[in-house]
Amino acid sequence: MAETLGMNITQSKEPLPAGVTLPIYMDNHATTPLDPRVLEAMMPYLTGIFGNAASRNHSFGWEAERATDKAREQVAKIIGASAKEIIFTSGATESNNLAIKGIAEMYRERGNHIITQVTEHKAVLDTCKKLEKQGYRVTYLPVQADGLIDIEDLKRAMDDQTILVSIMYANNEIGVVQPIREIGKLCHEKGVLFHTDAVQAVGKIPVNVIDDNIDVLSLSGHKIYGPKGVGALYVRRRNPRVQIAEQINGGGHERGMRSGTLNVPGIVGLGAAVEICQNEMAAEAVREVELRDYLRAKLEAALDYTQVNGNMDHHLPGNLNISFIYVEGESLLMGINDIAVSSGSACTSATLEPSYVLKSLGLGDDVAHSSIRFGIGRFNTKEEVDYVADKIISVVQHLRELSPLYEMVKEGIDLTKIEWAAH
Ligand SMILES: *Cc1c(COP(=O)(O)O)cnc(C)c1O
């Protein structure tokens, strides 16, 4: 929406700094560009090696199966699983659906209660809502002002009907990393299965399904420089052996849990993408933390009334979510239309709704709307961060010059004491 509105804003005629081309992509939680090395790994499977991995009686099929076996190993390795525990899917939306619906269906005799939390991705929340309509009970845990759940809330929510806890590893808007190991430990003590949507965590921070006591885990290719439309679900095979009722029928692929001809090029790409992450994660996390902290320091040095959202001690490397108070969110986005970032608003139908994630931290609608999510990724440079920071600073300053509210605050007027005329 903002893009079209902002189209006719004239770009500055000043020459760009070296190493910067516009538009700048800094929205790497929404999706990531394909790493050229991943494309290279995929190419043969988009051309000559086109076999069906389920064809058991000729070399075309064997070659395709070999390729998907290798990818299964690669995906398993980055989360400390074994290859047999990996189910390929069309992405994390499907993985989350399969995990939650598949467990709900399979363990219905044991209980009908599921626990999740309010800042989950819609792929989890909408799935849980659907199950509520089918007679399941769902508890949506609140989060604290820093975005983390309180383990005590989780303990209190568990009862003898609880069959599943689904809590995301890291949040896609505010970047907070939940206390996954503690949650998993608690679940295992109580004999409750633990699923985590780890889309934003795998490949960015260390994830280990054994150490973290995870039973079922969702991940996605396109958030880690792999292709879109491919993902995986980890399903634990021992201690405990997790059973999942298939949600797509036909042919019994993927150990009967997910039928359908395998997306061989996509799966090869997913495997290549996770292997690159695994090799480069440690150094890349340091680099992204540096860029993020640099961006934050630069913004905070130049602008007052900013607020960082989400606990920064338990945080993804490349994420910064910051509110520019007394700035109108839509105007801010229009002013920076050569930079791709996300705002604290979600376009639902024709209206701009404040982000439910930011609202669940206790932010008012205005502050939520004035928030920007920066997603720094593998291909962002220091020069780009400088350009983005300078641009944001100048647009925020400009908008605040026009803002009567900001003017009043600067003059020391307490806005909470003002009686606004009704209109
Ligand atoms: C992107 C995302 C998803 C959805 O993944 P797709 O592969 O696009 O379906 C789910 N959960 C989180 C946290 C995400 O960031």
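Placement of Cβ uses the backbone N, Cα and C atoms for every residue, glycine included.
No curator has checked TrEMBL annotations; they are predicted automatically.
Features of the protein shown, as given by TrEMBL:
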- 24-388: domain 'Aminotransferase class V' (DOMAIN)
- A92, T93, N172, Q200, S220, G221, H222, T261: pyridoxal 5'-phosphate binding site (BINDING)
- K223: N6-(pyridoxal phosphate)lysine (MOD_RES)
- C347: [2Fe-2S] cluster binding site (BINDING)
- C347: active site, cysteine persulfide intermediate (ACT_SITE)
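Feature map: annotations from TrEMBL on the structure.
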{"residue": "A92", "record": "pyridoxal 5'-phosphate binding site", "CB count, 10 Å": "27"}
{"residue": "T93", "record": "pyridoxal 5'-phosphate binding site", "CB count, 10 Å": "20"}
{"residue": "N172", "record": "pyridoxal 5'-phosphate binding site", "CB count, 10 Å": "21"}
{"residue": "Q200", "record": "pyridoxal 5'-phosphate binding site", "CB count, 10 Å": "28"}
{"residue": "S220", "record": "pyridoxal 5'-phosphate binding site", "CB count, 10 Å": "30"}
{"residue": "G221", "record": "pyridoxal 5'-phosphate binding site", "CB count, 10 Å": "33"}
{"residue": "H222", "record": "pyridoxal 5'-phosphate binding site", "CB count, 10 Å": "23"}
{"residue": "K223", "record": "N6-(pyridoxal phosphate)lysine", "CB count, 10 Å": "26"}
{"residue": "T261", "record": "pyridoxal 5'-phosphate binding site", "CB count, 10 Å": "13"}
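The DSSP secondary structure for G221 (pyridoxal 5'-phosphate binding site) is coil.
Summarising the pyridoxal 5'-phosphate site geometry, the residues cited as binding it (A92, T93, N172, Q200, S220, G221, H222, T261) extend over a maximum Cα to Cα distance of 30 Å. Secondary structure from DSSP puts T93 (pyridoxal 5'-phosphate binding site) in a helix. Closeness to ligand 1 is met by T93, these being the binding-site residues among T93, G221, T261 whose Cβ falls under 6 Å from the molecule.
Checked against the residue listed as 'N6-(pyridoxal phosphate)lysine' by C-alpha proximity, the binding-site residues A92, T93, N172, Q200, T261 yield Q200 as the nearest.
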